[in-house]
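The feature NADP(+) binding site is assigned by TrEMBL to Gly8, Phe9, Gly10, Thr11, Val12, Gly13. Taken from TrEMBL, the feature domain 'Aspartate/homoserine dehydrogenase NAD-binding' applies to 8-140. Positions annotated as NADPH binding site by TrEMBL: Lys116. Residues annotated as domain 'Homoserine dehydrogenase catalytic' in TrEMBL: 148-322. The L-homoserine binding site feature in TrEMBL is assigned to Glu201. Residues or ranges marked as active site, proton donor in TrEMBL: Lys216.
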Amino acid sequence: MIRMAIFGFGTVGKGVAEVLLKKERLLKNLIGDFKVVAIADSKSSLYGDFDLREAIEYKIKHGRLPRDERARDLFDIESFDLLIEATPTNVFDGEPGLGYIREALKRGINVVTSNKGPLVVAFKELNDLAEKKGVHLGYEATVGGAMPVIKLVKKDLAGNQIIKILGILNGTCNYILSRMESEKIGYDQIILEAQQLGIAEADPSYDVEGIDAAAKLVIIANSLLGLDAKFEDVRITGIKNITPEAFDVALKKGYTIRLIAEADEDGKLEVAPRLVKLTNPLAVYGTLNALLIKADLAKELFVIGRGAGKYETASAIISDIIDIYAR
């Protein structure tokens, strides 16, 4: 029996719980019996023998969980084998997720996370700690949502040296730029409508200033290029100064504009708006993410997928869980 804990019970955490219920029979065939024995959000928790479906309904109705113990307390209250860490991202100090992941690994608990912050702040430390303790740290969900990146390269491109990665790593920015291109309307109107649709956050700065894409780039570069990069190593330019007029000029020459993240084996790390040929596979539209991977043997590989969303992120988390426990 795999005993699971979920820390962070917002959109992503609830999404994972819903998928665990929906796919229960399939998952048990793949990994054996499992049970969620602890869940926690920022101010409340639930642990022991409880019904996961009822816990989801309680959180939706009351905005919290029934008990007052905090996530950190659950390490000493409940025994579990796997921590699903889905707390909000903080790229500057990684907390509170960094503390939870570090504590779990120290105790010999496997971890799967969607939280970019801890990996941006302490990538090498956490991976070294997992190796030392003989446990797994899965983080596919931190970089591309449903778009497979980490395992694709580590497994299917094993033996390749990755030379460069180039791509679109933020769906909100891509949505804004796509609409600006096609409808010739300004940033302020698009961001307001994107917020109303739930595509952009109430405070969209993490997205539009390039912070989210830069965080993902650091994780990808460290994982696939073997760098030891930090967030401050990335040169970042956001999209707030892009205008419909810029698209008029670009389109006349056969180009569009996209927020491109790039890293190479020499340590280049940059996120910035760039001209992209309309015939380039990176000229994707809407909230899609896309990544071009250049390798010494396989040459060029292009991946496209939905980079955010409750079930898209849950897809990557479930994939990591299966990867750890597949029989």
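Here the Cβ of each residue, glycine as well, is placed from N, Cα and C on the backbone.
Counting every protein chain shown, 14 other Cβ atoms lie within 10 Å of the Cβ of Gly10 (NADP(+) binding site). Closest to the residue listed as 'active site, proton donor' in space, going by CA atoms and restricting to the binding-site residues Gly8, Val12, Gly13, Lys116, Glu201, is Lys116. Taking the C-alpha positions, the distance from Thr11 (NADP(+) binding site) to Glu201 (L-homoserine binding site) comes to 13 Å. Using a 10 Å radius centred on the Cβ of Glu201 (L-homoserine binding site) and all shown protein chains, the other Cβ atoms total 14. Taken residue by residue, the domain 'Aspartate/homoserine dehydrogenase NAD-binding' (8-140) breaks down under DSSP into 66 helix, 21 strand, 46 coil. Over all protein chains present, the Cβ of Gly13 (NADP(+) binding site) has 26 other Cβ atoms lying within 10 Å. For Thr11 (NADP(+) binding site), the Cβ neighbour count at a 10 Å cut-off comes to 16, with all displayed protein chains included.
Around the Cβ of Lys116 (NADPH binding site), a 10 Å sphere holds 27 further Cβ atoms from the protein chains shown. For Gly8 (NADP(+) binding site), the same-chain residues lying six or more positions away in sequence with a CB closer than 8 A to its CB are Ala40, Asp41, Glu85, Ala86, Thr87, Pro88, Gly97, Asn115.
In the three-state DSSP reading, the residue listed as 'L-homoserine binding site' counts as coil.
Close to the recorded NADP(+) site, the chain also has Ile6, Lys14, Gly15, Val16, Asp41, Ala86, Thr87: residues not among Gly8, Phe9, Gly10, Thr11, Val12, Gly13 whose Cβ is within 8 Å of the site's Cβ mean position.
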